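In what follows, a single structure is set out as structure tokens and then discussed.
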């Protein structure tokens, strides 16, 4: 499989990831136990988006010098298209995490800790999934048609409003954990485990962490095939995916209060998934330039945001 990725590019990328995670972790330690304000979340969201944009710009400069401007333009557009796609699909995580936190009555101050560990776990798991997916695509090219059909199916589900609401207590993983682990009846501060009468007990906070990680794995089943419709280059898939995930914690606190106001988001995501699924299914018939994919994603997200704002304005007036 052709890729622009080399040892130095991977080292540079993971170096950026580690530095940003350390900054985020140190900021968490200094303000541990404090709620995250909308203003703080907005600053962090801008910071993460800026880092992603600067990385894309740096990638273009490097590729322009090493492989030429044509390929540099192609790969950079693939990166930004993949980033926007992953960022928009990741919003679904916010809805699920809100439901999990509400079900377990997790205070906002403890949500920060859960999401920090959740993002770390997501980075490891998604890196693994991406390289496994890249290997499958390289060895079995027909798997792209399975990805495409799955995305079309998921897109129709979004458009038909068939995203079923889940009762936390009905989740099989949660039932299994409660049947096979000693769980304290209530939270024990910010601890995942405590000792009681000489025995190790897990706390509800640990259950929440497991559910957060599991939910990201489920959403990765949608998002990773989707980005392979944009590019088959594993380096671009990885960098776009992880850059979107890195800003997910800040995006959660920014959107938590506005989640219910994104009325038309599911429809926009459905249209995008249908588009990229169809693109994947027609791969051998029609090769679509990457700038069309990037433009389509931007336009659909812009229209979705506009219609949602208009809908909210009408509701306020009525």
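Cβ from N, Cα, C; glycine included.
Looking at 166-188, 235-257, the range annotated in TrEMBL as transmembrane segment turns out to be 235-257.
Highest Cβ contact count with the transmembrane segment (264-282) among the listed stretches 6-29, 41-63, 94-110, 142-159, 235-257 falls to 142-159 (criterion: pairs under 8 Å). By the Cβ criterion (distance under 8 Å, sequence gap of 6 or more), the transmembrane segment (235-257) is not counted as touching the transmembrane segment (142-159), fewer than 3 such pairs being found. Remote same-chain partners of the transmembrane segment (115-136), defined as residues 6 or more beyond its termini with a Cβ less than 8 Å from a stretch Cβ, comprise 1, 17, 21, 24-25, 28, 97, 143, 209, 212-213, 216-217, 220, 224-225, 228, 232, 234, 237-238, 241-242, 245-246, 248-249, 252.
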